[in-house]
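Enquirer: What follows is a single structure, and I will ask about it in a moment.
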Amino acid sequence: MSETDMKLVVVGAAGRMGQTLIRTVHEAAGVRLHAAIERSNSPFIGRDAGELAGLGPIGVPITDKPLEAFVEAEGVLDFTAPAGTVEFAGLAAQARIVHVIGTTGCSADDEAKIRAAARHARVVKSGNMSLGVNLLGVLTETAARALSAKDWDIEILEMHHRHKVDAPSGTALLLGEAAAKGRGIDLADQAVKVRDGHTGPRPQGTIGFATLRGGLVVGEHSVILAGEGELVTLSHSATDRSIFARGAVAAALWGRSQKPGFYTMLDVLGLN
């Protein structure tokens, strides 16, 4: 541990992703766990964060006081829920620190509040923090631009574990936005997220989404470009959620030297 290590806070510390973040921060170079936060009625308040994450004691108790933690830290890693993320965005803006957001399912109003907080904080937000998925997004945009809507249909298929509460996934939407950008269209106008009953022929130029849920699947995503007589499939499989945690740590370290503003993983990876 070095005095120059970036001091990070993990919020939602008791969740699956929170525990993964704690382990990743503990093992990564250039960062250290400053605090771990849970909701005020959590039975884990007071527990050692390292013990909860399977590391053994690390001397960082779980607390329910985010602002106190934020003002002494340099960054926060947030894979919680939209309401919590909006609250943490305001606190991160007060503390003027880096806020890395992997939370999905945010509404347009949530997004507006997060972007407002980015006037004072350095916000890095992405539907997926992994290098592979963000590269897949770039490839999807390129393919969508090269293959015309007249002859090629785009469908996005995703599968996640049974506990995931939002659909389509943030990653599927990220890929949909990439495809829409390649086509020069607005995803909100062209997305088809539900098909049921007699739907009629597929409208030209739309981008379809299909969602699967079951088991303990970390994340499977495929972008399918279907033409006449040929099929192009671009896919990514996540086998360990630590890939998202490593990406979040990389985003925090990158954001440390940036000006306040709203960024994505494409900025972090130099792909924008």
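Glycine residues also receive a Cβ, built from the backbone N, Cα and C atoms like all the rest.
Worth saying up front: this structure is predicted, and the values here are computed from it rather than measured.
Pasting the feature list from Swiss-Prot:
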type	residues	note
BINDING	GLY12, ALA13, ALA14, GLY15, ARG16, MET17, GLU38, GLY102, THR103, THR104, SER126, GLY127, ASN128, MET129	NAD(+) binding site
BINDING	ARG39	NADP(+) binding site
ACT_SITE	HIS160	active site, proton donor/acceptor
BINDING	HIS161, GLY170, THR171	(S)-2,3,4,5-tetrahydrodipicolinate binding site
ACT_SITE	LYS164	active site, proton donor
Enquirer: Going by Cα-Cα distance, pick out whichever of the recorded positions ALA14, ARG16, ARG39, HIS160 is nearest to THR171 ((S)-2,3,4,5-tetrahydrodipicolinate binding site).
Expert: HIS160
Enquirer: Hey, what's the Cβ neighbour count for THR103 (NAD(+) binding site) at 10 Å?
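Expert: Result for THR103 (NAD(+) binding site): 25 neighbouring Cβ atoms inside 10 Å.
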Enquirer: List which of the recorded positions GLY12, ASN128, HIS160 have their Cα within 10 Å of the Cα of ARG39 (NADP(+) binding site), in sequence order.
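Expert: Close recorded positions: GLY12.
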Enquirer: Using a 10 Å cut-off, grab the number of neighbouring Cβ atoms around the Cβ of ARG16 (NAD(+) binding site), all chains included.
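Expert: Cβ-Cβ neighbours of ARG16 (NAD(+) binding site) within 10 Å number 14.
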Enquirer: Based on Cα distances to ASN128 (NAD(+) binding site), point out the closest of the recorded positions HIS160, HIS161, LYS164, GLY170.
Expert: GLY170
Enquirer: Taking the centroid of the Cβ atoms of HIS161, GLY170, THR171 as the (S)-2,3,4,5-tetrahydrodipicolinate site, which other residues of that chain lie with their Cβ within 8 Å of it, listed in sequence order?
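Expert: For the (S)-2,3,4,5-tetrahydrodipicolinate site the neighbour list reads THR104, GLY127, ASN128, GLU158, HIS160, LYS164, ASP166, SER169, ALA172, GLY219.
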Enquirer: Does DSSP put HIS160 (active site, proton donor/acceptor) in a helix, in a strand, or in coil?
Expert: strand
Enquirer: Helix, strand or coil at GLY170 ((S)-2,3,4,5-tetrahydrodipicolinate binding site), per DSSP?
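Expert: In three-state terms, GLY170 ((S)-2,3,4,5-tetrahydrodipicolinate binding site) counts as helix.
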Enquirer: In Å, rounded, how far does the Cα of ALA14 (NAD(+) binding site) sit from the Cα of GLY170 ((S)-2,3,4,5-tetrahydrodipicolinate binding site)?
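Expert: ALA14 (NAD(+) binding site) and GLY170 ((S)-2,3,4,5-tetrahydrodipicolinate binding site) have their Cα atoms 22 Å apart.
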Enquirer: Identify, in sequence order, the residues in the chain of HIS161 ((S)-2,3,4,5-tetrahydrodipicolinate binding site) that are 6 or more apart from it along the sequence and have a CB within less than 8 Å of its CB; answer 'none' if there are none.
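Expert: The answer is ARG213, GLY214, GLY215, LEU216, VAL217, VAL218.
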Enquirer: Looking at Cβ-Cβ distances, which residues of the chain lie under 8 angstroms from LYS164 (active site, proton donor) while being 6 or more apart from it?
Expert: ARG213
